[in-house]
Amino acid sequence: MIVLDTVPSGSLLLAVGVLFAAGVYLLLERSLTRVLLGFVLLGNGANLAILVAGGRAGAPPITGSGSGSGSEAEPMSDPLAQAMILTSIVITLALVAFVLAMAYRSWQLHGHDEVQDDLEDTRIARLAVADVPSYADSDSLESGPTLAEEAVTARDEVALPDPAVDLPPRGRAGS
Amino acid sequence: MNLWTVQTLVPLPVLVPLFAAGLALALHRYERVQRVISVVALSVAVAAAAGLVVAANDGPVVVDLGGWAAPVGVNLVADPLAAIMLLVSSIMLLCVLLYSMAQGIADSNERTAPTTKNARLLREALEAQDPDADESGRRDVLPVAIFHPTYLILAAGVADAFLAGDLFNLYVGFEILLAASYVLLTLGGTSERIRAGSVYVVVALLSSIVFLLAVGLVYAATGTVNMAQLAERLPDIDPGVRLGIQALLLLAFGIKAAIFPLSAWLPDSYPTAPAPVTAVFAGLLTKVGVYAILRTQTLLFPSNEKLEAVLLVLALATMLVGILGAVAQDDVKRLLSFTLVSHIGYMIFGVALATQASTAAAIFYVVHHITVQTALFLVVGLIERRSGTTSLDRLGGLARLAPGLAILFFVPAMNLAGIPPLSGFLGKVGLLEAGVLDGSVLAWVLVAGSVVTSLLTLYAMIRAWNKAFWQASTDKEPLPEQDRLPWGMVGPTAALVAVGVSLTVVAGPLYDYAERAAATVMDGHTYIEAVFPDGAPRGTGESNEVTSDAEEDRP
């Protein structure tokens, strides 16, 4: 007998809300590592929400399905919700590993892991400032760093590296 | 129990590429074996999908995985909609695979020891990818033995998403294809791809979480994630909750399908990937999102006029904003990415009208758009290989140097713009007809918007064709004369262009099929009866085969 308590546990719901709020806050950051932490929190929040959907906490899944009928059967939690959570935990784990690798690669290349601006947006913004037609190539407007170099070196959150400290072994930014 | 029934075909498009991916990864040292494995696996997928298209014509083919029937078990459902999507996407995946093999993206030997004929072009391409890498750095940023396995996993994920009979399996299918797409988009880990990939990955992660949360809410509200059972139960739940779930699902799928306010990530991230990868993403990934919207809007939430009005407005905004973006671009890849966003609007238009005729037109349009958009991106890959750039300012005079290429670009470009008698025209006419039949003010506005978008598409494509092929070469240094494009790349491109043209020839039967597909998802009982043949879901978890076997055993 699956026990489906339609009144969800308040503390679990509160936890879901807190996880989502913190997760969204972190997701809005620029640094990939913080975005990743936000994703982990959001993932846990969503998993917890599914767990709440599976019924009241406390009863074990599957093992509780006594052969007795009606009120004699032991209460059990809904195993399907837990199976879904298990799947999504595995998926989240794999994606976290990938994003970590990507953040590391970004640090290798540029010395930071900030999500960079869309080059085209920057190009159009520059053209708008210079007030020239859209088919002009903004890189040719002025001498200075190209858009790609600028995007790499621009950062909001991570402190600029101390020039005395060497970049990581294969870092090529700005060199 | 007969093993070789038509139901055997259903899991094949998922399982064969998945197993082949493992095999290809294990044999990563043997390039040729990898290639053979990939081609055979995707060919099997094409054959299975073709079989399913025929089989699904008589009604949805349902497979209970592991002998556990819905709603307890997981089932795969190949209804006409899923089957036709599966067939088109498998053909497209196979063509792009052949193209990429010829390009040598999957072949690290050619990278490190290029043939003399292409050595200069290859070096230029590498320099374009990563200008400030030194020679040794360049070699080790291209670990491409991973390409084939990842590509096969992408194929499996796409097939799983199409065939999924429950929402959670759809989520898993999405995750499989997205995870593969992350790897493909950041292939080689060059500076440019990491930059574009970060945005793509973060946006996709967010949409996945939204989807997962929606699945959780669906389960909390209805106690099931099986689509057929949901179609029965959702009408009974509180309308506010239903609206919330519907909006959340639309949000998740809308990010994947790149509907207007959620589409900003697309034009920046797609063009940086290698040409075949961009072609697959543009042709397929957004369409999986559109498919998911189509499936949920028709089967699970058959009528909700308020949200349909919102969708119509969004479709209009997607069309116009997308195409205006395309007109402003001076890079062919980015231009095509914007037209991709714009034409998603047509499909959403069809879905949002929510009549059988409009849904059929939307399905036809998806089929048309997958082939045409992929073909265009493959042609751009050829242009890039031939001339070393995709910037319209630098291109020029290609019509004289490569007349074949000019034709290969022109045909799908006109097809996209909707010039009669090509399939783009037929799809658009279907949509306009459905819009006129609907008759509401908003539908008429959409009809006008579609026509304007179509004209602007024509303008954008003609402008691109003129600048790239027709105008005199603007570059100081003339393009190399002697380099011929490899037939292995031209062949699959030409094949896809031909498929796009032949859609016109088979438009009658195809449109009939699309109408049957629309009828199956919209009539509200065919799908459900196929999943639960005995009427109401029994909920015992025993598959029909087990039950019937048991009944046969009984004296």
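A Cβ is built for glycine as well, from the same backbone N, Cα and C atoms used for every other residue.
Features as listed in TrEMBL:
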{"type": "TRANSMEM", "residues": "B:6-27", "note": "transmembrane segment"}
{"type": "TRANSMEM", "residues": "B:36-56", "note": "transmembrane segment"}
{"type": "TRANSMEM", "residues": "B:76-99", "note": "transmembrane segment"}
{"type": "TRANSMEM", "residues": "B:141-162", "note": "transmembrane segment"}
{"type": "DOMAIN", "residues": "B:164-452", "note": "domain 'NADH:quinone oxidoreductase/Mrp antiporter transmembrane'"}
{"type": "TRANSMEM", "residues": "B:168-187", "note": "transmembrane segment"}
{"type": "TRANSMEM", "residues": "B:199-221", "note": "transmembrane segment"}
{"type": "TRANSMEM", "residues": "B:273-294", "note": "transmembrane segment"}
{"type": "TRANSMEM", "residues": "B:309-328", "note": "transmembrane segment"}
{"type": "TRANSMEM", "residues": "B:335-354", "note": "transmembrane segment"}
{"type": "TRANSMEM", "residues": "B:360-383", "note": "transmembrane segment"}
{"type": "TRANSMEM", "residues": "B:404-422", "note": "transmembrane segment"}
{"type": "TRANSMEM", "residues": "B:442-462", "note": "transmembrane segment"}
{"type": "REGION", "residues": "B:533-555", "note": "region 'Disordered'"}
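Touching of the transmembrane segment (B:335-354) and the transmembrane segment (B:273-294) is concluded from the presence of at least three CB pairs under 8 A, sequence neighbours closer than 6 excluded. Taking Cβ pairs closer than 8 Å, the transmembrane segment (B:360-383) reaches residues 81, 84-85, 88-89, 91-92, 95-96, 99, 103, 274-276, 278-280, 282-284, 287, 290-291, 294, 332-333, 336, 339-340, 343, 346-347, 349-351, 390, 395, 398, 405, 408-409, 412-413, 415-416, 423-424, 426-428, 430-431, 433-434, 468, 485, 489-490, 492-493, 496-497, 499-500, 503, 510-511, 514-515, 517-518 in its own chain, all 6 or more past its ends. Note: the stretches the transmembrane segment (B:442-462) and the transmembrane segment (B:199-221) are not in contact (fewer than 3 CB pairs below 8 A, sequence gap of 6 or more).
When Cβ-Cβ distances below 8 Å are used as the criterion, the transmembrane segment (B:199-221) is approached by residues 167-168, 171, 174-175, 178, 181-182, 185-186, 230, 237-238, 241-242, 244-245, 248-249, 251-253, 255-256, 265, 268-269 of the same chain, each at least six residues removed from its ends. Below 8 angstroms of C-beta separation, residues 6, 9-10, 12-13, 16-17, 19-21, 23-24, 27, 78-80, 82-84, 86-87, 89-91, 93-94, 97-98, 101, 106, 148, 151-152, 155, 159, 513 of the same chain, each at least six residues beyond the ends of the transmembrane segment (B:36-56), sit close to that stretch. Long-range contacts of the transmembrane segment (B:141-162) within its own chain (CB-CB distance under 8 A, at least 6 residues past either end) are made by residues 13-15, 17-18, 20-22, 24-25, 28-29, 31, 34-35, 37-38, 41-42, 45, 49, 82, 85-86, 89-90, 93, 97, 100, 105-108, 111, 126, 130, 133, 169-170, 172-181, 183-184, 187-190, 280, 284, 288, 291-292. Across B:76-99, B:168-187, B:309-328, stretch B:76-99 shows the highest tally of CB pairs under 8 A with the transmembrane segment (B:6-27).
For the transmembrane segment (B:168-187), the partner stretch with the most Cβ pairs below 8 Å, chosen from B:76-99, B:273-294, B:309-328, B:404-422, is B:273-294.
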